[in-house]
Amino acid sequence: RSEKLFLQAETEHLSRWKKWRRASNKSLKKALSEIKGLSSYLVLWRHDIHSIEGKFGTGIQSYFSFLRFLVLLNFIIFILMFSFVTLPTIISKYGIFNSTVAYISPKNIEDICTVYEPSGNKGLVYFYTYLKDLLSGTGFLELTSLFYGYYSIDAVWISVMRYNLPLAYLLATFAYLALSFLWIIKRSVEGFKHNLVHDADPFQSYCNKVFAGWDFCITDPNAARLKFRSLQYELQTDLQEEKLKQKIAERTMEEKLRIYSLRIFINIIVIAILSGCFYSIYRVTVFSQENSNDVDNPNSQVNLLVQYLPSMVITLANFLGPLIFSFLIRFEDYTPAFEIKLTLLRCVFVRLANIGVLLFSLWSQISDCASDKCKPCGYNYKLYPVSRFILICFPWELLVTHCSCKLVQLFGHKEFEISDNVLEIIYGQTICWIGTFFSPLLPAIATIKYFIIFYVKKIVLIHTRKPAARPIRASSSNFFFLVVLLIGLLLAFVPLGVSIAHIPSSKACGLFKNFSTSWEVIPDTILQFPTGLQQVLFGMASEAFAVPFFVILCIIMFYVIALARAHKRVVEQLREQLVLESRDKMFLIRKIAEAQRYP
Amino acid sequence: MGGSASLIPRDLLGEYQELTFLSKQEILLAYKRFSELLPKEERENACSARVPKSQILTLPELRANPFQHRICHVFSTSETRDDSMSFEDFLDMLSVFSDSATSDVKSHYAFRIFDFDDDGTLDRKDLEQLVNCLTGQGEESRLSRAEMEQLIQNILEESDIDKDGTINLSEFQHVVSRSPDFASSFKIVL
């Protein structure tokens, strides 16, 4: 009531202009809040995530929000690729909107190279062949819009406009990579800001755990009990860790020597295991490539098994690696928090490096083919196993995760391990980013896959009894997921960059038949621009522009870092001033008390 | 939803929207839940009725909360000090705990909730009670004496800037502004 009177009194003193402005501000705010209210109904899974938050707390809820973010990201990438690449192709192939197609006319290549027939589908076709083709992505699937081979046209004419399809394909690829990059950075900025200005680790401080420890969203008494236990466990672990740190600081010289030599030894073992992993993946991939082109019996089950072999080996390595690492790290005598971080880092490294080794071994196969003048669907044929890999990986991943879940349950743990789940998702997403260049409809498959995973994980979560041993906090986990996702994206840039700019494209199928590499489309298009614009663009790409630009960027970066450091110093000084102020206050109070005693 | 909208007069609804951080749907939902706590005869003038504390504590959002008694005490404007809440107290509470409340407002009320002896500062006894609330009410779920001492020592080291052994409101607001989890955990949405 009193606030309303106060507002009324204020309004009377304002001029007419200010009154109008205030009224229009209010109505704008009302309109915005109406829109916000309506749009909150459109948010995907709003009710599910809210109930998970109520039952399990914000830490686990952040995992599901992350899943939702990935579903949206993949959906938008799919829309991007579909509308710029697939849609024009479909429109032109079916002749809608008075559009025609200009096929690429091959130059200087023998006729035999320009014709590519997917292997062995002539004559009688058995159901089994279809199934095998579906599972391994060969045969009839090769020529669908799922794979790169479908897009074999040069340009699409819609009425009088010429739509340059190869250019669109390349630019759409760059667009989705840039979009993913910017969106992830935008989401991770919040967590990063805290880290930069405040030195002490804000996620682990005691005040954060005590004052912001209780999740007021929890509505379920069982969940509350779990939360009590996990908070108690967390506080006790932290206090123990602090005592351990003190003990470590008091270690003698010979103890230190012993521990360091032990750590070096274990790291050597880890490196040996990793190299064993990589070598076996390499050998298996080479073996699989050599033997799956066996034309004698293309329908045999052995052939199918051989094609699946690399993905089986990789899944096995990804499954065994973390188990071995968590066993070994016990001997290294780190503090528990650091143990977890190091194991996690090693697991991330194993998974992402496995993809790298797979791609490397596939490429080494391709460069062997360089001597052939004629490569039926050349590198695309070799590299689209990557995209098949994702289709193949999906059922394997589900299978292995659930088998490992069952195994772990046999030993009595029923925890919902967030970090493992997140790593798998990020692994899949990295492959998706790489594969979308070769298979434009892949993001749709990824969207559906994450959709299904959401519901599967929700069911798994409901059957969990034990609280996670190391409770994950919402803010630090958000930041952690996004940072690892960013690492995955940057790793995806490498193979894409090499394949676009370096590897010669096939002459028999695909969009880049007339260009020596995929990248050449762009210089080709630029050469068709007016001369003035051409000169500007070539000038921007030359060293005379790039070096000063780089130097200016460095200067800006150093300025911003210096600013941040200055702010930190000011914060420290103000804290010291506060301490001095309170001492003055205490002194004065004592003086007053004395003066009152002896008037 | 249409039925309850006609029970709050429009100007009152607009006033509530201006004075709290809640949106129109949230206020209407709060009205619905509040009138469900009242016995049938009193539902007509829910705006001026008071709900006893025992009824408030049956709300699912509060029943699992270890700070339920403190929350009722802080937000209640009852003159008889029986911690009963009127509809405006209820809206007040939801507004502070809503998503759009500023962190200033949240930290101010969090301080009042954590101040168990209502003396305007968080001293060692308050902190001890706070930690016991967080770890559960059983005997075996409490921290040992030595652990409690170590924990309170660490908390005071991090947050007590003027080193007087207690945490006052500004020190609390300062330490909470650096806490990245506070905004997301100090939230109740119906």
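Here the Cβ of each residue, glycine as well, is placed from N, Cα and C on the backbone.
Under the heading transmembrane segment, TrEMBL lists A:69-91, A:167-185, A:260-282, A:308-331, A:343-363, A:437-456, A:477-498, A:545-564. Residues or ranges marked as domain 'TMC' by TrEMBL: A:388-475.
Computed over the domain 'TMC' (A:388-475), the whole-number mean pLDDT of the model equals 67. Here the listed stretches are A:343-363, A:437-456, A:477-498, and the one with the most C-beta pairs under 8 angstroms to the transmembrane segment (A:260-282) is A:343-363. For the transmembrane segment (A:69-91), the most Cβ-contacting stretch among A:167-185, A:343-363, A:437-456 is A:437-456 (pairs under 8 Å).
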